[in-house]
Amino acid sequence: MSHIPGIAITGASGRMGQMLIRTVRDSDKARLVGAVERKGHDWVGRDVGEAMGGAPLGVIVSDDPLEAFAPAQAIIDFTAPGATLEFAALAAQARAVHVIGTTGMSEEEIAALEPAARHAVIVRAGNMSLGVNLLTQLTKKVAAALDEDFDIEVIEAHHHHKVDAPSGTALMLGEAAAEGRGVALADVSDRGRDGITGARKRGDIGFTAIRGGDIVGEHDVLFAAAGERITLRHVATDRAIFARGALKAALWGQGKQPGQYDMVDVLGL
Ligand SMILES: NC(=O)C1=CN([C@@H]2O[C@H](COP(=O)(O)OP(=O)(O)OC[C@H]3O[C@@H](n4cnc5c(N)ncnc54)[C@H](O)[C@@H]3O)[C@@H](O)[C@H]2O)C=CC1
Ligand SMILES: O=C(O)C1=N[C@H](C(=O)O)C[C@H](O)C1
């Protein structure tokens, strides 16, 4: 058996799935050993490289995750919350590292990952890029340095296919700002303003979501006070940054103790 970790990719035909397959294909540190799509998808049964319109990669797209995970040391999963919960149990069964990029998971769904994390490594982050994870640290610092005279607003923009809001990244940034302020985000979060909302509540952290065209992902953390404003900004122009981070997490997780980790752990920030 090769000592190079085998990786299975779920949601193989998706925007991130295809980017991940290209990233693993081009890496000399990992091997593509599995590709999963949902039952009934027209890629199932085809070579994943050919389905992507390129050369064959010797990996057939499967709708049986257990079969696809069997030869893998890591599963990289950017799909949907229900699918991710199912994959967590199967990845734990295979003792494979489960890298979760899926966003839009509820508190209950996140809590339901815990049994799997007793048996295997899970690395989960709403954004796998180096830049955004660095931005969370900066956000925490700035929020800790400023008092509530500065209103904090998180503004995010994404492509028109995105199904969840606020984005996973916006929530990470909101959590970082709340942590910097020493408050719980759940107590101060202000989402979905519409109509006669009343004046802004001091200390709240607000969220705004823009959806349009092919925007890959843009996030601003605005600190607005009387007479001055600070904006921390990250702009993603290429999904490769997320795929590179996810592959890094899959390799980092090899040999680690079972448990839940995030990209701050992986990147050592
Ligand atoms: N953490 C991060 O850095 C990033 C996270 N994301 C998140 O990744 C997720 C996917 O994003 P996209 O690739 O843009 O979406 P997409 O809609 O293009 O792809 C999702 C894929 O998952 C597949 N899928 C759904 N249920 C499945 C199941 N039960 N079994 C197998 N495959 C299944 C779909 O058929 C589809 O191919 C979203 O939650 C998004 O927010 C996206 C980019 C970066
Ligand atoms: O759905 C996307 O595309 C993205 N989702 C993640 C999020 O919800 O923050 C990360 C990135 O912004 C792209």
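Heads up, the Cβ atoms here are built off N, Cα and C, so glycines get one too.
Site annotation for NAD(+) in TrEMBL covers Gly11, Ala12, Ser13, Gly14, Arg15, Met16, Gly101, Thr102, Thr103, Ala125, Gly126, Asn127, Met128, and the matching candidate from Glu37, Glu86, Glu148 is Glu37. Proximity of Lys162 (active site, proton donor) to non-local residues of its own chain (separation of 6 or more, Cβ distance below 8 Å) is seen for Arg211, given in sequence order.
When other Cβ atoms within 10 Å of the Cβ of Ala125 (NAD(+) binding site) are tallied across all protein chains shown, the result is 27. With a cut-off of under 6 Å between the Cβ and any atom of ligand 2, the binding-site residues Gly11, Ser13, Thr102 reduce to an empty set.
Listed in sequence order, the recorded positions from Arg38, His158, His159, Thr169 having a Cα within 10 Å of the Cα of Thr102 (NAD(+) binding site) amount to none. Taking Ser13, Arg15, Glu37, Arg38, His158 as the candidate recorded positions, the subset whose CB lies under 6 angstroms from any atom of ligand 1 consists of Ser13, Arg15, Glu37, Arg38.
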